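K.L.:
Below is the structure I would like to discuss, written out as structure tokens.
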Amino acid sequence: MDISLLAQVWGWLAHKSYGILLTIALAIAAYLLRNLSIFQVFSPLIIAILLGIILRNTLGMPAYCQPGVSFAMKRLLRLAIVLLGMQLSLTQVLAIGIRGIGLIIVTLVSTFGFTSWLGRKLGVSKSLTYLIAAGTSICGASAVIATSTAIQGDDRDTTYAVAIVTIFGTLSMFLYPLLPTLLGLTPETFGIWCGASIHEVAQVLAAAYQVSPIGGEIASITKLARVLFLAPVILSIGYTYSHRQLPSSKMRSAAIVIPWFIFYFMLLIILNSLNLFPPDFKSAFAQIDKFLLTIAMAAMGLETKITHLQQVGLKPLYLGALSWLFISGLSYGLIRTFY
């Protein structure tokens, strides 16, 4: 091998290895903590970001870790989102039928539009509003960080949005199972409600399976069908955001950031729809993907300073709360009307 190439590889490793190893260590710690009963309601992703925040704001982070942490939060995150496509297929959309697809589209588009409108009324920055809207309407933290890449979002805004969708998704996870009888929902319609309105996949499954196995199965199919809309929504957000932010068409053309990783994400969905991946292969990569996402969330936590979050204020929290109530109420109303 060429000596100059070896030198470049060694230089890259020396520059980024400390930060990458730190995020890997936090990800492993998150997995270990999740084995404790007190943490089992949380996904490793959420535990990892909390560990990162705690470490950054107590002991601090050495400057030599910064390059590796930034690499984990951006590059590894994009790889993880691409690999998520291997777990999705177009048959999942067909499985929920025309009514289910219509319900998901109406709920998603209406929630995103409502959140964007309300964010303007509350005076929340456009980038943070888009992040909260994406996280609430599509799939929680994964949608937030994918949107952040598309609009070149601020790390502080991204972390705040992840925290908001985590808070209200967790509340849904605990509150929804108390409501089926009161709201007149069958196990089947309760599963649809969970899948159409709760933020994270893990939170959807935790809420729905508490009521019934069939509700859990329907919830998982509905939620995964909803996640399939991540790609077109992210591409639309990137285009719309750049056009609204910049007045001149020349500036817009220069500023449009095409999140190319979304195309690879879509390619894997198509390949998986054609049944080109063996089940064992998909299962292994599902675990790898989850670990990569956990590493990226640990990196995001390490990039977060509490003082920066305090400067943002409480308005984004109000926005997240009202957006959560909107998607819950709208999806419930549609279910009662059409099911």
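Including glycine, each Cβ sits where the backbone N, Cα and C put it.
All annotation found in TrEMBL is predicted automatically rather than curated by experts.
From TrEMBL, here are the annotated features:
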TRANSMEM  12-32  transmembrane segment
TRANSMEM  38-55  transmembrane segment
TRANSMEM  76-95  transmembrane segment
TRANSMEM  101-118  transmembrane segment
TRANSMEM  130-152  transmembrane segment
TRANSMEM  158-178  transmembrane segment
TRANSMEM  224-242  transmembrane segment
TRANSMEM  254-272  transmembrane segment
TRANSMEM  316-335  transmembrane segment
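Mind running through what each feature is packed against?
P.N.:
Within the chain carrying the transmembrane segment (76-95), a Cβ under 8 angstroms from the stretch's Cβ atoms is held by residues 101, 142, 145-146, 149, 221, 224-225, 227-228, 259, 261-262, 264-273, 277, 282, 285-286, 288-289, 292-293, 295-296, 299, all 6 or more beyond its ends.
Beyond its flanks by at least six residues, the transmembrane segment (101-118) meets 93, 129-130, 132-134, 136-138, 192, 196-197, 222, 225-226, 229, 233, 319, 322-323, 326-327, 330-331, 334-335, 338 of its own chain at Cβ-Cβ distances under 8 Å.
If you look at the transmembrane segment (316-335), the same-chain residues 6 or more away from its ends with a CB under 8 A from one of its CBs are 103, 106-107, 110-111, 114-115, 118-119, 122, 124, 128-129, 132-133, 136-137, 160-161, 164-165, 167-168, 171-172, 183, 185, 189, 192-193, 196-197.
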